[in-house]
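Asks: Quick one: this structure, given as structure tokens, is what I'll be asking you about.
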Amino acid sequence: MIKQAIEKVVNHENLTFEETEAVLDEIMNGEASEVQTASLLTALTAKNPTIDEIAGAAASMRSHALAFPETKDVLEIVGTGGDHANTFNISTTSAIVVAATGTRVAKHGNRAASSKSGAADVLEALGLDINETPAVSYESLQENNLAFLFAQEYHKSMKYVAPVRKQLGFRTIFNILGPLANPAHPTHQLLGVYDETLLEPLANVLKKLGVTNAMVVHGRDGLDEMTTADETAVVELQDDHLTKYTVTPEQFGLKRSQRADLVGGTPEANANITRRILAGDHGPQRDIVLLNAGAALHVAHPDLSIQAGIDLAAKTIDDAKPLKNSIRLLAFSDKRKDVVA
């Protein structure tokens, strides 16, 4: 299958969803050589992957992932990475805040790729056991409204792709597959992207993958997040319909920040930023978390406007709920480690 797929893509022909899923299955099963994998990834990059190709590849990744118990009405807050902005962990902090409102969040993430601190790095620095089994993570989702699914633990088949990606050294379809391959199969998703041209295609991909409500966002300062330093371009998926619009921080009563205000550092430094936000510190770091948490709450609860989501996130922080919930989460993680030990 992979030989025929390479030939088609080299000739600038598009693969169907089914063809892409089948050829990725070959790669994920270790049945393709590194040369074949590199050839396919290079040809897809040169052609530009279609919606069907991205969705088919994501479906294959999901099917080869470590199984996660079936969940309903679960939210994901995630970015593609690759914006080279070195911000603190905005989406991870936002996920902690959103979970404290009673909304279930299954956060799928990895260690840092283009930054100093990925979701796994900062959560580990906060004291969470990032290597929890699916059963334990599912239990955490039910008890604490928050679970972390460590990509390295769930996507073992990526071992057949990782060396090729490293040697190629340029962006491939896999740079956008991570946020689409959450084993919890989220029904609602706030997805940040590093390139504005990805907004509409990835909104359509999410639709194909069964996501019912989503916002795909790109900060025009380059962030793969809702930004407070510039406008944010949005494509929203709701009821099978896509809507394009832009937002500014000012329209939600938030001050415009400088990009320098949002820069983070090591996992330990970013963990301290998260702790300060959860403890009630005000300023640009809190504001960008409020914006992203508010958008995520709108995605999870469409009857709630972004502004109402921001207000709820602010009240939740001021009531110390995220701080208390994070303490419960860490206590739960420690308890489960003791049980396993």
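From the backbone N, Cα and C atoms, a Cβ is placed for every residue, glycine too.
Found this in Swiss-Prot, in case it helps:
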BINDING   GLY79, ASN110  anthranilate 1 binding site
BINDING   GLY79, 82-83, THR87, 89-92, 107-115, ALA119  5-phospho-alpha-D-ribose 1-diphosphate binding site
BINDING   SER91, GLU225  Mg(2+) 1 binding site
BINDING   ARG165  anthranilate 2 binding site
BINDING   ASP224, GLU225  Mg(2+) 2 binding site
Asks: Select the closest residue to ASP224 (Mg(2+) 2 binding site) from the following binding-site residues, measuring between CA atoms: GLY79, THR87, SER91, HIS108, ARG111.
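Replies: Comparing Cα positions, the candidate nearest ASP224 (Mg(2+) 2 binding site) turns out to be GLY79.
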Asks: Specify the secondary structure state of GLY79 (anthranilate 1 binding site) as given by DSSP, simplified to three classes.
Replies: strand
Asks: Determine the Cβ neighbour count for ARG165 (anthranilate 2 binding site): the number of other Cβ atoms within 10 Å of its Cβ.
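Replies: Other Cβ atoms found within 10 Å: 17.
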Asks: Far apart in sequence but close in space: which same-chain residues, 6 or more away, have a Cβ under 8 Å from GLY79 (anthranilate 1 binding site)?
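Replies: Within the chain, GLY79 (anthranilate 1 binding site) has Cβ neighbours under 8 Å at SER91, PRO179, LEU191, GLY192, VAL193, TYR194, ASP224, GLU225.
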Asks: HIS108, ARG111: which of these binding-site residues has the sparsest Cβ neighbourhood within 10 Å?
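Replies: Output over binding-site residues HIS108, ARG111: least Cβ neighbours within 10 Å is ARG111.
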Asks: Let me know how many other Cβ atoms fall within 10 Å of the Cβ of ASN110 (anthranilate 1 binding site).
Replies: 20
Asks: Using Cα coordinates, what distance in whole Å links HIS108 (5-phospho-alpha-D-ribose 1-diphosphate binding site) and ARG165 (anthranilate 2 binding site)?
Replies: 20
Asks: Round to a whole number and give the Cα-to-Cα distance in Å for the pair ARG111 (5-phospho-alpha-D-ribose 1-diphosphate binding site) and ARG165 (anthranilate 2 binding site).
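Replies: Pair distance, Cα basis, whole Å: 16 Å.
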Asks: Suppose we draw a 10 Å sphere around the Cβ of GLU225 (Mg(2+) 1 binding site). How many other Cβ atoms does it contain, all chains included?
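Replies: Counting Cβ neighbours of GLU225 (Mg(2+) 1 binding site) within 10 Å gives 28.
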